[in-house]
């Protein structure tokens with residue numbers, strides 16, 4: 001019996017040896033790991049060295065994307081660029097006049113966006129005669145150095161002139177329905193732009209500029225006009241009081257604006273913004289015109305009246321001066 005107990009005791013000791021060895025190794029490793037962590041925590045230079053290396057790599061990558069050096073006069077907050085005109089609206093949107101911006105600086109900023117600008121124009125019936133001058137002058141002055149898609153809506157595709165386009169620019173001819181009255185042509189463009197903005201333009205361009213076909217570009221028209229939503233001051237009402245604006249004054253119309261309301265009078269010949277904002281504007285104007293039509297009323301200046309009503313309640317984020325629609329010598 002005693003012998004059996006001694007044998008059993010010896011087996012137990014041998015079976016405990018692996019467990020004891022495992023625990024001992026674990027304690028040694030834990031101690032070494034703890035010592036390493038303590039050493040690292042007490043040596044901030046090693047951390048800084050690692051961080052410095054990472055920052056250095058990031059800095060070298062950023063240098064590859066650095067913009068070319070642009071030299072321009074320092075802005076003077078105590079000396080406005082123009083003192084003869086209003087430069088900002090009451091809702092803090094800039095009013096773009098000549099001499100209030102640096103073209104080179106703006107071009108660099110918009111090239112970073114890699115933006116494409118769409119220019120829509122309607123050339124229906126006899127108005128196709130204006131296309132040659134419109135396209136020739138646009139190629140000379142409109143968004144020079146940037147990608148442009150000309151969207152030409154016409155009922156006579158064969159009458160669209162061939163114009164040699166700059167690199168990165170293309171012409172897209174879109175079939176549009178004509179109407180007997182020019183008023184209907186003007187009003188229906190809101191519906192067409194709205195539909196195409198949703199179905200096509202959202203996937204092709206970043207900004208939309210909507211212009212009349214009889215516009216003749218006579219000077220630089222660049223990225224300074226671009227914003228989420230912009231309108232252009234009508235040159236004919238520059239010095240008028242709001243109660244003398246050509247707003248729709250009949251309360252029965254969806255374009256109605258009372259005499260004691262209104263900021264500016266905007267022309268329907270040049271407006272635009274991001275594709276989404278242009279879609280919202282044109283859709284709202286078209287729906288308002290359809291309500292008027294159902295009620296047997298037509299706004300005084302058709303789509304321009306509805307444009308002014310929309311911009312009264314949806315303030316543009318940028319306003320273009322009359323210089324964009326009138327010869328400077330008349331200002």
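Heads up, the Cβ atoms here are built off N, Cα and C, so glycines get one too.
Range 16-37 is the one annotated as transmembrane segment, of 16-37, 38-59 (source: TrEMBL).
If you count neighbouring Cβ atoms within 10 Å for each of the recorded positions 214, 304, the highest count belongs to 304. Note: residue 212 (UDP-N-acetyl-alpha-D-galactosamine binding site) has non-local neighbours 121, 122, 268, 269, 270, i.e. same-chain residues 6+ apart with C-beta under 8 A of its own C-beta. Excluding the listed site residues 127, 212, 213, 214, the same chain places 121, 122, 123, 130, 134, 215 with Cβ atoms within 8 Å of the centre of the UDP-N-acetyl-alpha-D-galactosamine site Cβ atoms.
Around residue 127 (UDP-N-acetyl-alpha-D-galactosamine binding site), the C-beta neighbours below 8 angstroms that are at least 6 residues distant in the chain are 213, 214. Residues 127, 212, 213, 214 are the ones the record ties to UDP-N-acetyl-alpha-D-galactosamine, and the longest Cα gap between any two of them is 10 Å. Of all Cβ atoms in the protein chains displayed, 20 besides its own lie within 10 Å of the Cβ of residue 213 (UDP-N-acetyl-alpha-D-galactosamine binding site).
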